[in-house]
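Report on one structure; see the data block that follows.
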Ligand SMILES: Cc1cc2nc3c(=O)[nH]c(=O)nc-3n(C[C@H](O)[C@H](O)[C@H](O)COP(=O)(O)OP(=O)(O)OC[C@H]3O[C@@H](n4cnc5c(N)ncnc54)[C@H](O)[C@@H]3O)c2cc1C
């Protein structure tokens, strides 16, 4: 309890905002407490602990590559705070819950050190699990000193800079409350009248007064194993693969790795500078962004954005600066990078708008009824562990899918083109429950972000914010377009390294008997079944966006539901589940091929 003679301090709770530039919570806390701030970071055991599992598939919530990236970032933050602010200590707790350790720390500091915390500053998150933690913290802080006590610890929840456009700056017709269900409609509105705020400057060292003593707490774990244990997906799968999965430390040095970078604010600034002023790669981004091989085809900003090492506004203003300083390079490419950041915003605002429906099997379509929603209405989702496993391990018999899946398992990275294809394959060809795919990505992706991940998965599965439920990627045609000489596929499928025709699936299977036979004999295209790439595809693939399809207009959101904040719920009103498995013949083929006994099956 606050007593006369005690100084008032602010606690800054770092979350997915592991940086000091453009950090509203840190800046505000310093301003309101005359620089007397205490920073804290909690490795929340429900997200990055050994026991953290996804709800439907039971996968580890965070696997090795992302855990390492996070460790890098926390270490970088700790180093910067210490070096910049006169030895300031970042208080760390591991495998703990913020709503428990923060009040306990406040009580201890008050009673043992006469340091009185009067406010906790943090950036608000938008998804249910993260919001539930905020709510729990508010409750525990209120209970700390009782309701009527005027000096109770205040919760200063700030919006921060997690989006390009601040929600308060959106035009009324594109606001969170009135979010148009189609990206293009929303984008045109914000581009016409939205503005991007300037990033906040870093607090000057002279404006900060850290605690003159240190507080006992945990340290940044020295290894990934200390953080998430030994049983994450890479380790569990390693024994069962018919291809050799390199260890993560070997993979970091491997020339195939498209994301060999470290985590942290320092590394994020280096990457931003390197991709713009350093190599001018940004000037070619529009032509290269669908690439698959190497570090430079796309920006690789997403892992840094996901844990807030950098903000979209910093990126935006750097791009504007780049255009000013290199007018000869100004063109569609810089715009295109901003366009992609707008996609990110759109999914984040959709999560704010629709809450739990982001995780429903029936998706946001259960909330927004699109006019041409005939397909998804009668959609059935299978849960077939064997089929799922072939997809997870990169053993489906479709080289483009397998190469992408192996890249993900080995490195935690997959290109946007790859993601669209493997997601469409899981949902539209294998017809598996899309949430299993989304959870697999959640477990493995370096840049996992709930809004972008579940939003994109819903989109690809035909249950999200896409007026067309029947969009489908023909994985053979896509391979021909984006990996015409098979460079990417050869990289990840050593058993096919001498292959010369990557698109003739039957020939591949007769020439390379050790490569798995296709898990499905037919590729779905909308409601039509197409022979699985055993002949050339027709030139025009209607499901990839014909002009006729673009004319179809959705109905604006008719039924709205209040989000339930406390927990991700995984089924919505229109869910149907078909637990039927694949035909026993196809299943046996898979089991025989990999020598998986029934005991090994999950
Ligand atoms: C099934 C599926 C799941 C995905 N899961 C995630 C995820 O968990 N986290 C994530 O950040 N992105 C996700 N994406 C979006 C996209 O694939 C990645 O943002 C992109 O590949 C990251 O690479 P980059 O930074 O080089 O992107 P660039 O092509 O260089 O784009 C620049 C930035 O724009 C944003 N962006 C680009 N495309 C998208 C998109 N489709 N949706 C939202 N933002 C986008 C990202 O922040 C990215 O860093 C997913 C896409 C699909 C199809």
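For all residues, glycine too, the Cβ spot is worked out from N, Cα and C.
TrEMBL annotations: computationally assigned, not manually curated.
According to TrEMBL, the protein carries these features:
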BINDING   285, 298-302, 340-347, 447-449  FAD binding site
DOMAIN    8-163  domain 'Photolyase/cryptochrome alpha/beta'
REGION    531-602  region 'Disordered'
SITE      381  site 'Electron transfer via tryptophanyl radical'
SITE      434  site 'Electron transfer via tryptophanyl radical'
SITE      457  site 'Electron transfer via tryptophanyl radical'
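Sequence features, as recorded in TrEMBL, placed on the structure.
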{"residue": "285", "record": "FAD binding site", "DSSP class": "helix"}
{"residue": "300", "record": "FAD binding site", "DSSP class": "coil"}
{"residue": "340", "record": "FAD binding site", "DSSP class": "helix"}
{"residue": "346", "record": "FAD binding site", "DSSP class": "helix"}
{"residue": "381", "record": "site 'Electron transfer via tryptophanyl radical'", "DSSP class": "strand"}
{"residue": "434", "record": "site 'Electron transfer via tryptophanyl radical'", "DSSP class": "helix"}
{"residue": "448", "record": "FAD binding site", "DSSP class": "coil"}
{"residue": "457", "record": "site 'Electron transfer via tryptophanyl radical'", "DSSP class": "helix"}
When the recorded positions 285, 346, 434 are compared by other Cβ atoms within 10 Å, fewest goes to 285
Could you check which of the recorded sites (381, 434, 457) sits closest to residue 343 (FAD binding site), going Cα to Cα? 457
List only the single closest residue to residue 285 (FAD binding site), chosen from the recorded sites 381, 434, 457 by CA-CA distance. 457
Can you tell which of 343, 457 has the least company, meaning the fewest other C-beta atoms within 10 angstroms of its C-beta, among these recorded positions? 343
Candidates 300, 340: member of the binding-site residues with the richest Cβ shell (10 Å): 300
Among 340, 343, 434, 448, 457, which recorded positions lie by ligand 1, judged by Cβ under 6 Å to any atom? 340, 343, 448, 457
Spatial neighbour of residue 434 (site 'Electron transfer via tryptophanyl radical') that is closest, considering only the binding-site residues 300, 340, 346 and their CA atoms: 346
Quick check: of the binding-site residues listed here (300, 340, 346, 448), which one has the Cα closest to that of residue 381 (site 'Electron transfer via tryptophanyl radical')? 448
Cα of residue 300 (FAD binding site) to Cα of residue 457 (site 'Electron transfer via tryptophanyl radical'): how many Å, rounded? 20
Any idea what the Cα distance is from residue 448 (FAD binding site) over to residue 457 (site 'Electron transfer via tryptophanyl radical'), rounded to a whole Å? 12
Fill in the CA-CA distance, residue 340 (FAD binding site) to residue 457 (site 'Electron transfer via tryptophanyl radical'), as an integer in Å. 16
Taking only the CA atoms, the spacing between residue 346 (FAD binding site) and residue 457 (site 'Electron transfer via tryptophanyl radical'), expressed in whole angstrom, is 14
